[in-house]
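Feature annotations, reproduced from TrEMBL:
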- 1-27: signal peptide (SIGNAL)
- 158-406: domain 'Peptidase S8/S53' (DOMAIN)
- 166: active site, charge relay system (ACT_SITE)
- 201: active site, charge relay system (ACT_SITE)
- 358: active site, charge relay system (ACT_SITE)
């Protein structure tokens, strides 16, 4: 088991606790783990109601005990092996269950930049529709993916729904209020129908996909003014915490609500059965699943959801058409998209430019939504085929582990879909 947690976390995250955003992550209400790497044995224990958890600390030298949201505890030992810690814990009669934890990470933004400091490449949005949104000139992701050339090609036949399974979405944002299906959203953190974003990550992701275009303010989403709507599904709390079983419920919920595309901008160090099963459930319902590769510049093949069968995994490129320095890679990577200084919405009618594969994934989700608008009957497998074959080679010819089949191209994808419809 890998005992080193990913650098992207900014803190230690265990027991399938998914975390987003912020310089530190919380495993409990009052305990912050401030280190980015922890060595030693780790176990998750479930105890009886009357068990004194402090007795573990007094009986086993050098252990740290941390309470998790679900009432279980992480036991961390810096000087015992995994088997030694297991043996010591098995002596306590009040411990009902001992489990191995999973190391969890989230594809959080690598960097945030004020919009006015963004330096877009000169080929930003040339050759396509020009919009009047105030920050449109900074949206190099639209030009590089030829999305502004694709909008006029799409013969939209129905509304397309994209679920953002994340921290929620600010549905009051001026650029999102007409694009968010508030009544279809759900908050799995508080078990309410209000999926308002109290973090900012989900709002940024949603804006990249579907921010309202040509309204003389802010930005345009990748989908322009096509009829693409966001289903906000909140599975992470204000600190960015979440658990795999809750996230799985969110994915399944999105599929049940008719999501054509489901965007997953989070990641787990190890494979998650909960997430894997949820992805397969959603695909069987007809949802196309897009996942961020990760921001550690490491192989993502054994992570979740990036390494799961059924996920369409996205790496990030920079304006030089090269893999972004932070982007994960691997055989699981299917395609690449812009992921550096991507301008989008944040709560409070504001805008920021963020770096990360969390930003690249919704670019692909937006392109997939355009393909779905062109052909509502396209299946997840057919969607993969269209995106794969229409991608533009940027680093190597053919599929490679850094950019998959290449840079996603909306214009070429729609052209290809039209020929396949005939």
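Including glycine, each Cβ sits where the backbone N, Cα and C put it.
For residue 201 (active site, charge relay system), the number of other Cβ atoms no farther than 10 Å from its own Cβ, over all displayed protein chains, is 28. Reduced to three states, the DSSP call for residue 166 (active site, charge relay system) is strand. In the three-state DSSP scheme, residue 201 (active site, charge relay system) is classed as helix.
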